[in-house]
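Engineer: Quick paste from Swiss-Prot:
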- Thr10, Gly11, Gly12, Asn124, Ser195, Ile250, Gln295: UDP-N-acetyl-alpha-D-glucosamine binding site (BINDING)
Amino acid sequence: MRILVSGGGTGGHIYPALALIREIKKLHPEARFLYIGTENGLESTIVPKAGIPFQSIVISGFKRKISFDNVKTVMRFVKGVQDSKRYIRRFNPDVVIGTGGYVCGPVVYAAAKLGIPTIVHEQNSVPGVTNKFLSRYVDKVAVCFEAAAEHFPQSKVVMTGNPRASEVMNQNGMKGKRSVGLSLSKKSVLIFGGSRGARPINDAFVEAIEQFGNKNYEVLYITGEVHYDKVMEIVREKGNPDNVMIKPFIHNMPEVLTGVDLVVSRAGATTLAELTALGKPSILIPSPYVTNNHQEKNAKSIVDKGAAKMLLEKDLTAETLLHNIDEILLNTQTLQNMKLAAKQLGIPDAANKLFEVMKQLMKK
């Protein structure tokens, strides 16, 4: 079994691909992989580090305004297709999957034109430009949100969920809580703003820290390494309550997510896949700085089902943060209802579901 994977630029496109590869390796240790990305994307360091053969092509995304850069992009696309065809013929894959980001455009397009089974995986509720373009040529389009399906040819759409969801399952939540200093007997909320943190969330948290000290639940706050020193400087002045733990970063996020009762976070596709797979209630603060405002639309998909509350960044203050947390953590019935709603949305076997679709394509 030979599988070619392409996707990159951001972690949101790369980590689902790696989760899928790990799942396939568990089931088929003999499977061979080739990953095609760009040299300037995150994938050029993450993928080789994971022990997966990596090749690069030169490609860039379209600018939304008419510009000379777009002419160069078209030329790079044509060259990218030629280079991709060369790699594809050499590797001879049974199936090709693109997980988003402009790099997978020429790769998946080239594979489709060579008659190789192809599939794209769309993580967000609003598809990216590349996946919308590729949906005309591929055999299948795998989605994680029902809202994404309407943007693609219906005959090609399959709901698989995000392979990252599979990687947070079967973790030891008690071990996770202990590792960060949380009590096993108290309710707890985890607050974080993504891998690099988020200043508006930091500001609201710092403003609320004294009031958190009066609560009968515990708070674990992940600042992001960039913001840690600044946050701690303010916290030292205000005082750090015993029930509030502050960390720059944690390496065992799946364990900690499993252990806590409530999560406050951005609304990236990977985060939502993990939260729903675990049945975790959440307060989502979508980043307003992303393409097509897709985080707000991601959040709406699970807020509408009762699994989360949404707090827009423009409305985020110490008061609104505290109010939303109290409303869920201090009401056992609300907490329970949201847990059930999240669990019903989760697709914990997403990696296997996606692989099943790929296997069907290989048989054709």
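Cβ atoms are placed via backbone N, Cα and C, with glycine included.
It should be emphasised that the depicted structure is a prediction, and the values quoted were computed from it without experimental measurement.
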Engineer: Long-range neighbours only, meaning 6 or more apart in sequence with Cβ under 8 Å: which ones does Ile250 (UDP-N-acetyl-alpha-D-glucosamine binding site) have?
Structural biologist: Ser179, Val180, Ile222, Val256
Engineer: Measure from the Cβ of Gln295 (UDP-N-acetyl-alpha-D-glucosamine binding site) and count the other Cβ atoms within 10 Å, all protein chains considered.
Structural biologist: 27
Engineer: When you measure from the Cβ of Asn124 (UDP-N-acetyl-alpha-D-glucosamine binding site), how many other Cβ atoms are you left with inside 10 Å?
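Structural biologist: Result for Asn124 (UDP-N-acetyl-alpha-D-glucosamine binding site): 27 neighbouring Cβ atoms inside 10 Å.
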Engineer: Under 8 Å Cβ-Cβ from Thr10 (UDP-N-acetyl-alpha-D-glucosamine binding site), six or more apart in the same chain: what's there?
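Structural biologist: Set apart from Thr10 (UDP-N-acetyl-alpha-D-glucosamine binding site) by at least 6 residues yet with Cβ under 8 Å, we have Leu42, Gly101.
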Engineer: Under 8 Å Cβ to Cβ from Gly12 (UDP-N-acetyl-alpha-D-glucosamine binding site), same chain, six or more residues apart: give me those in sequence order, or none if nothing qualifies.
Structural biologist: Gly100, Gln123, Asn124, Gly268, Ala269, Thr270
Engineer: Just to be sure I understand the packing, how many Cβ atoms besides its own are within 10 Å of the Cβ of Gly11 (UDP-N-acetyl-alpha-D-glucosamine binding site)?
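Structural biologist: Excluding its own Cβ, Gly11 (UDP-N-acetyl-alpha-D-glucosamine binding site) sees 17 Cβ atoms within 10 Å.
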